[in-house]
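One structure below.
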């Protein structure tokens, strides 16, 4: 069911004047109140009906002319009804609700006793901006013209703080729902509201916990997000009569300012009058309060709290600038009225996006919760019982958890895991104390036999895979379902709720609840099948309805007086809050690392932030003054908002703070008290990068495992406990790691030179060992099977803006199993299995690294090695790694086994996800070698920077390979192999340059790797992490540009069937069918088979891709865009980075329309390269930081031309439409546009405050290309443009559209004069005031 969007109707807007033509045609409209508390769902105004997906901001402006005097209605003595009851907060409790049912408006002059929490008295609109975010987009309505628009909070606050005399328009913020923002914690609802709200007491709790999106985007909404709103209105705003959406009740606290309400009771006669008034289209002529029998006007002053019951018709006026907090609720004590209002919305055809979200889904959950709480019989699915009902059960590993970034990803990744069998003996005792309860999966019934019951209890039936194809997928909670014993005969409904023990006492329901349940059952039964909206959590809707009917029958004679207990019948069991580190954001967590991190962080003792080492090059230098952090600093003239240190000063190796102590013994590090290396290590504090425990290695009691030291960060390792458990975590580095090599006189460069000099002293020794390595490896060739190991890298260099796409749990566990199968016969038995490789890497990164492994065909490695040896003779320093024993680390580079067998079994799955990582094997190793390992670790610990510099060059090569792989945009992404023995199909030309990839990913030729044998175990054994990578040979020239590989084979023309025959319909016929499907349906079709997967990715089906307002752009999205090769791409108002956009445009040569409005200039600057495609349309409206200097960079010819590319023209020379609204540009930018955009036809310059008449003179001057090419220009809200600009437009021979609306200095008379003067040659008309259009 569709729900509210970010937009909605305003609180205080006068109705529009109806056109005479509309009156004749009897067209009706409804303008809906959405997320408003004093104004409700239907906003009765008169407007021509438009498609619900149409952008209503383009509706022509209609000046409001009321048929009544608002001032008269404010003074009139006719509205003297006495509906509102004054109460004190202490009397407003749940017992009052059970007795009176919330049917009359209530006013509280003091908030004491209500349980309300509000911000400090000096809280202002500016503070709202700081807490919800200055860039948060809010829907704003122009009260006079009724035109809705979007503003950032920063823009609206500037308007709100403008003195009243200087406001040329009346703007009102509508629907700022601030749940899941920092403001949420400063505002608390009345206690009674929390007790009766369906969202809190009926909706599954785990879905609410999944909500992370602060806005009301329906695609990201996990529950009806209508709990807390902030309303900001200026003096003079007025909202005509309306009812709140869905029949919701409203709580309303006037924090600052005041309000005046007109109230009409929801009698059947008044509701009929209201519906007739809405459909009449005469709202602006008739004041509804004059049509009804009784109406009450009441004034709310600052500090008042107001409660509006369901269905009450009300209008609102704002006499003074006001700030109001409130919210909407559905509850169980006036359900018939709520349903009646929802039916009125149906009849008046209110748009879905302006209505209560998930309305009927909520009704189903209400019935289920009542049935469960009075009968202890649940109709939720097993999954939902585990997640929300919190029935005690053995804890499932958090690795089964799963989070999804968007609706599209959830559709593309169907979760096919099966529920685990959950039986434990220690549950039996507690099971006896519980009320008998049947299984909730509907597998048994009262009529089933005892043997069937026992069978049903003995093993839970597996839920079908389709059950998990949910619209909203959830993370596994801490607790899951507990199996209970089943009684053959159901007892009569006992009292109690999940939160309390079941007793023999009967639960009495109030007459209001019984009437509500009956109305809900009748309504849901009357709905057609396609409108029942049964939510995913309900197992059997028909059984639920029967259960409710039984409850109504049993409770028909309940005593109303005994039902008034002051205690809610329906509550969720109290959930113990998870401990969360202070300030930790509630981001989406992955299955393997992040979920465990949050749970284990509390065990880390006195864990603190790492601090500067104050010794590295970065710590000792001063600010650069050039990076975006420096430019933000106040001392460099910035606003000082980021509060970040200079990028070049970010510490390379931050250290543990001096307050850190051991979790076991509680003492600090004592490594300075001993001399020997092993003793030093046992006494130094080490922080685990997975569980974050800080501990002395000597204090650990685990003897049968090994720790893995992180050479990139001081005092950092993967502790033996996590390593033994197979847990995965990202390799940590200092924040300044990726900038270290850029520092002038960097120590990394010096160390590299020193290393070259030292290693150059032993060339003969290295050559002899290099010659022995191939012989050793060829002997082991027939019995070694390489695991698909990959190089693990910090995400800062390769991942796009640190976005991760975590793997599905079944893939993770599947690779673990595969890992154990791939262990070679010679591997040591004492080694623990390694965790799955790449669990924290993006699928695109994993697939690109898999590309390296596919470069080497079996049997060719010896030949390739001989070629490599010749090319490496001049780079002997690289050979030093050959005689170094490979150290084991968490995710081994490439593989440590000799070479691939003749035929490697690998599915296509390896292209899109991480391959498995087998355990490393170690050959024979004597005491001498072991001693060398320890001594080498002793040397390397203080020289961590060495490995960092060695990794940088190969990282570039890996990145380049990833880039080239990305161009295979039609490669299937089938996630499962067709058969186990199927060899992966490589695209043609994939091994054309095998010499570039013949060495291992850590820089060592694969033939030079040798295996280390088993050695005596020293508990706990600590092994240093090797350098992540080694630079490639100097003789290889690194390409700076993307090199596109040859195209892969075309998709098949027919669809193969199971019997080997081809389907009768060929590809082109299927493509014709696919062309009618939406993108969402295409994604579903892509999961059918490999052939459909390739067909559905045809670029003809994806000419336009729209990601506007997408909260995060992940690598998976980017790879999907590349694969589909769109012509038009909308990335407006996203947080895409420069690296991501550069990566995209390098691979989209056919892109023609690009929308980047609302992005940052840092991201848009990616277009200043020679790889920018020849765009036709470019939208950079409201790009932050885009001024004249940046426009010069954007329009000037690129300086990074490819070799042989001599074109010195701008890459934007083909632009036909350019949108620059809201930019701080001057005539200098317009001169560049004239020079570099000869084909420009449509130019949008609205809200550009520096555009003047002289700017128009430039655009239309003699000799300019724009004089003849310009057909449309938008100058709305350009306050410096006057009537004189119209005389310049007479020069343009092809001008057809001139938008001068809201230009203060442009007059209506000037426009009419322009039309008269142009009528000689061209007929122009004024479609709207100051909107000039050429008449055909």
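Note: Cβ is positioned from N, Cα and C throughout, glycine not excepted.
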Check: To which residue among 443, 448, 979 does Swiss-Prot attach the annotation phosphoserine?
Finding: 979
Checklist line | phosphoserine: annotated position in Swiss-Prot, out of 497, 832, 914 | finding: 497
Next item on the list: Can you match one of 613, 646, 651 to the Zn(2+) 2 site that Swiss-Prot gives for 624, 627, 630?
Entry: 646
Next item on the list: Based on what Swiss-Prot says, identify which of 474, 871, 1054 is the phosphoserine one.
Entry: 474
Item checked: zinc finger per Swiss-Prot - which of 559-605, 606-652, 1076-1122, 1123-1169 -> 606-652
Check: Which of the listed positions, 398, 839, 951, does Swiss-Prot note as phosphoserine?
Finding: 951
Check: When you scan the chain for residues with a C-beta under 8 Å from the repeat 'LRR 3' (1156-1182), skipping those not six or more beyond its ends, what do you find?
Finding: 628, 1041-1042, 1128, 1131-1142, 1145-1146, 1148-1150, 1190, 1193-1194, 1196, 1198, 1200-1202, 1205, 1211-1223, 1244
Checklist line | For the repeat 'LRR 2' (1133-1154), residues assigned helix / strand / coil by DSSP | finding: 8 helix, 2 strand, 12 coil
Check: Any idea what the model's mean pLDDT is for the coiled coil (943-971)?
Finding: 44
Notebook entry, point to check: By DSSP, how many residues in the repeat 'LRR 3' (1156-1182) are helix, how many strand, and how many coil?
Noted result: 7 helix, 4 strand, 16 coil
